[in-house]
Amino acid sequence: MYGRDPWGGPLEINAADSMTDDDRSRNLQDLDRATPSRPLDETQQSWLLGPKVLKKKKYVDLGCILVSRKIFLWTLGTIVVTALLSGFITLIVKTLPHHHHKEPPPDNYTIALRTALKFFNAQQSGKLPKNIYNVSWRHDSCLQDGKGDPGQCYKDLVGGYYDAGDSIKFNFPMSYAMTMLSWSVIEYSAKYQAAGELEHVKELIKWGTDYFLKTFNSSADNIYVMVGSGVSGRGSELHNDHYCWMRPEDIHYKRTVSQCYSSCSDLAAEMAAALASASIVFKDNRLYSKNLVHGAKTLYRFATTSRNRYSQNGKESSKFYNSSMFEDELLWGGAWLYYATGNVTYLERVTSHHMAEKAGAFGNSPYYGVFSWDNKLPGAQLLLTRMRLFLSPGYPYEDMLSEFHNQTGRVMCSYLPYYKKFNRTNGGLIQLNHGAPQPLQYVANAAFLAALFSDYLEAADTPGWYCGPNFYTTEFLRDFSRSQIDYILGKNPRKMSYVVGYGQRYPKQVHHRGASIPKNMKETCTGGFKWKKSKKNNPNAINGAMVAGPDKHDGFHDIRTNYNYTEPTLAGNAGLVAALVALSGEKAVGGIDKNTMFSAVPPLVMATPPPPAPWTP
């Protein structure tokens, strides 16, 4: 078919003109595929694609580092949420009512311990330290002791402790008292710390050992036994510390110094024990501890050569603190020196059968097992039993150590009420001195040994010990110890505490010069007699003083003039303090410190025992 072209030419219409739009589109696509592709220039791209769209950055620039935007947003969100939660929790805690958990109140033994230590502050001689433990009615005293004495090796003998209700300083019981305090600190430092008294008791020990270091020369062959006099006939009565009744602050006369040039084994060995045990207490103060050890070695060396009692031949000391023998002090002092130095020579000495026999280890006297300022054997045997339980050194020491262990068990059996070696009062007080006056010092010492042996057994995972065929648990020991200390603290027929300042009822007329005279009254030697004889209570309470105690019928007379009832002593109070700390804080604090005692002891290599003798028919 032909049509007319509007521009003058023919218009041809054929099949192609009848194609649909879809067909044309497919033909164009086929043409595009057949045509080689050519990249577009920038102008063409701008025409066809329009302006270039930039992608968002995936990182955040913090100046010094680039951080992923996602991590940054998560971190920021976490910080904000945490801050909100913390603020919300703080707000809740502040608005809620508070319940403060108070520490449980101290037990009776801890309260009594704090009181008993004050007695030692009341007995201090010399220029008193300025601290919170000072006793308000005590001041500096006897500042001229030993000064200006011609031909002496000491500069002065100021310091130390007055022994009891008088103003005399006796080295023998004083050194025993310091040894007991040191022993209790070594075993129970955690309990002292819990009671808030560790620094206090260490200051008291150092007050004593500082004084001891003044009282012997470089070879210890000249030891000063006592300062003051208590025997009539040595000059004027007005210079007799036992005769005069006056406060030590008012003593103005020249005081007598007694010396021992030879035959001082017991005194030298006891002083050695005091210095050696204190060296363990002060082991962190290396220089001071070293000085104490040096002094202890010097004294013990002299003790082993002088070989006799310091109180023999009617010396003045025998009228007050007469030593019955000296071998028990050699055993006691040697044991302490072994623990203080680790020198096996001391161990060999104290585990020899000969020394043990001389010290009475195999005896059976009525006073066997009665630990005191005079008899150190029970303490020495327990001290060496400690070594067997915790170190087990074996041969060649085992035989003697096991004997000490057995003898210690035997002593503990004698304390039990099932065995009748010692009588008891109707109120339950054990009569270790067989009904003689002043029983409490011996009772307190036994209570300490029993509690300590109980703790040794428990620390060694040993449930008890045998008394013949009968087995007793450690609780029997603690029951004994508690019963005796409870008696002293007021659980007795008189319902009276025998420790001044503890409980509601206690002695008010203590036999004590300083406590019985008002602190603002200056009295002469005989001017103080009116205070001694007064029926009124003491104007000054000597808190912590354990008096001599009741008689064998539980009777007690609160009379100042009768020292057998109302006089306290350093030795007695030291045993009381040791027993109280052993019983205090049982549940809260625990038992003994096993390791401090052995801090200077090197590992022991067990020797090979000799072969048995050949068998013969």
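The backbone N, Cα and C atoms fix where each Cβ goes, glycine too.
Just so you know, the Cβ of His511 (active site) picks up 25 other Cβ atoms within 10 Å once every protein chain is counted. What TrEMBL lists as active site is His511 (among others).
Its Cβ placed at the centre, Asp558 (active site) has 17 other Cβ atoms within 10 Å. Sequence annotations record features per position, and here TrEMBL assigns active site to Asp558 (among others).
The active site annotation in TrEMBL covers Glu567 (among others). When Cβ atoms from all protein chains are considered, those within 10 Å of Glu567 (active site) total 21, not counting its own.
Residues or ranges marked as compositional bias 'Basic and acidic residues' by TrEMBL: 21-39.
Mean model confidence for the domain 'Glycoside hydrolase family 9' (109-580) is a pLDDT of 95. Residues or ranges marked as domain 'Glycoside hydrolase family 9' in TrEMBL: 109-580.
Residues annotated as region 'Disordered' in TrEMBL: 1-39.
Taken from TrEMBL, the feature transmembrane segment covers 71-93.
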How long is the line from the C-alpha of Glu567 (active site) to the C-alpha of Asp558 (active site), rounded to the nearest angstrom?
10
Alpha-carbon spacing, Asp558 (active site) to His511 (active site), which is rounded to whole Å:
9
